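Here is the structure we will look at.
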C-alpha cells in the first residue's frame, strides 16, 4: 500500500494535525513504516508526493490528503475580525452618543429647573416679605388702637377678632413659603436644646380652650412616662411644633364630640435598613447618574445610619388620635399630597390642604415617617402616627427603667373625673407607676367609695394606708355640699392617715362657682389645679405622694405656671385668658406714665412707609425726643457717617431700628458698614434688627454686628425689653 500525505497549512497547526492524522491511519491499516509528515509552505507545490512507500499484500490501499489555503485563510480571518471590531466600535459609539445626549438633556433640564426654582424662591421670598410687612402693619395698627379703647368695649372685641384674622393670614403665608422652601430643597433643621415634654404640653394647652368650646377634651398622654424621663433633647423645636400644631389643629377643626389625644413614647433608636429613609426610592436614572456624581440620597442614607447609631439618639413616637368623622381608606394614600383635602369631611371647614403635606416633609426631614393607622375595635376617628429622632442633652442615660411596682405601697389615690378618656389616661399612667387607685365617674359614687375605704382601714389596721390623695373634678356634675361633708367625715374616720385633696377647676370657671365650696373652707393640705389635668400638672399632683417626691417634672415651671393654685389664692389669679389679656392695658399705661423712652433719639430704617410711620408713632408715644427716617440701608449708612464726622461728643442716635430686607442696600450690609465706620471713632450705636419672619434671618443678625432682633410689627413691650437687655 502506498500512503501519500500532502499538507498545506500554517506551521502552528501542524503539530496538532500531525498526531491526529497518524492516529486515523493506524486505525485502518497496519503501517509498517512511515516518515514524518512534511509541511509545504508554498501553495504552488501543493501536489501529491511520495512520503513513504511500502508493499502490502491483500490489503486495501487508502490515501489521505489534506490541503488548506494558508494565506487566504489568515487573510479572511483577520478581515472578518477587523470588520467585527469596526461594527462593535460603531455600535458602542452610537450607544455612548445616545447616553451622552440623554445626560446632556437631563443636565440642561435640571439646571433650568434649578435656575427657575432659585428665581421662584427669590421672588417668593421678596413677595412673602412684602405680604408679611403689610400684615405686620395691620397687626401694629390694631395693637396701637387697642391701647386707646376700653378693654371691655365692643371695639376692643372687634380689634381682637381682626388681630386673630391677621394671625391666620400670617400663618397661611408662612405655610406657603415653607412649602416653597421644601420643594426647592432649602429647608434645613435648626437644632437646639429644648424640653420636648414641655413643648407637647404647651401645644395641647394652646388648643384646649377652643376644643372645650365644642365639648371636646384634648389630652396629653405620657403613656409609660418615658417622655418625662427623656424630655431634655436637642433638635428643631420649631419644626416639631409645626408638625404637632398642624395635626392637632386639624383634629380640633373636624372633631365635634369626644376627645383628642396626643400620645408620646421615647425609646432607644435601633438601626433598621428597611425603615431607613422611608419611602425614598431610587430610580434607574438616579442609579445611572450615581456613576457620574455622588448621589445625595446616598449621603442622606449614610447620615441617617450615623444618626440612628449615635449612643445618645432616641426615637420619639407620636400618635394624634381623635373621634372625628375619620378619613376613608381610599383617600389615605393622597391625604399627604399638597393642596389635597377630603371633600366629604370639609363642609364648613376650609383650608389650603398644605398642612399635612408640610407635616410629611418636616417629619422626613427629621429622619422619620408619618402614616394613618387603623383604630382598634372599629372606633370612629383618625389616628396619625409618626416618629422622629432626637439627641439627648448631655450624658443622659438612654435606658428607661420603670419604677418598682411596690414603690407606692401605703398610698391610695381616688380619682373623680367625668371625661372617660382622661380618666383612662390617668389610670394607665398611675398603674404604670405602681400606684393603687380608685377611679370614679360621678360625684354620687364618691361617698360609697370613701365608706369602703373606711371599712378597709378598720379591717386591716391603721398602718395599711399612710397617705390618701383625692383628685376631684369640681365640674363633674351633681356636685353639692354632700361631697364636702363626705370628705370631712372621711378625714375624721381616717385621721391617722395623711389625706390630701386636689380640686380640678376650669380656667373659665371662677373658684367662687365651686358648688358650695368656699376658699375659706379649704383645709391647708388641699390644692386647686387648673385644667387641663395632664403633663406637669399630673406629675406635680403625683409628687404629693411621699413615694413620688422625686418624680421627674416637666420643665422648670413654678407651681402657678403648672396650674397649681395654693389655698386662698387671689381672685385675680383665677381670671380667664381673655381677662388676663385685658390686663395688658394697665401695664402699658404704667409704662406710658414713666415715659420709658423719654429723651431718646431713634434712627428708623424701613422701606415700608406704613411700617415706618407705625414705628415712629410707637416710639414717639412712649417719649422719644427725636426720630429720623431712612428708606434703605445706604441712606442710613450715609446719615450715620455724616453724624459721626461732625465730631459730636455724644452718639448721634441712642438706638437704630434696622429692617433686614430693603432695596438698594439691605440692613445686613448697612450694619456691617456702620460697624466698620464706628471703629474709626471708637463708638458703638445699638442696632436692633426688625424682621418679618424671625427664623429666616436670625442666624446672620449676630454675625453682622446687630445687638438683638424684634419681629414686625414693632411692639413697645418687646422694644422696652430689648433696650433693657442692652443696658
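From the backbone N, Cα and C atoms, a Cβ is placed for every residue, glycine too.
For the ranges 558-592, 593-627, 628-662, 663-697, the feature annotated in TrEMBL as region 'Disordered' maps to 558-592.
Checking TrEMBL for transmembrane segment across the ranges 85-107, 108-130, 131-153 points to 85-107.
Taking all protein chains in view, 28 other C-beta atoms sit within 10 angstroms of the C-beta of residue 659 (4-aspartylphosphate).
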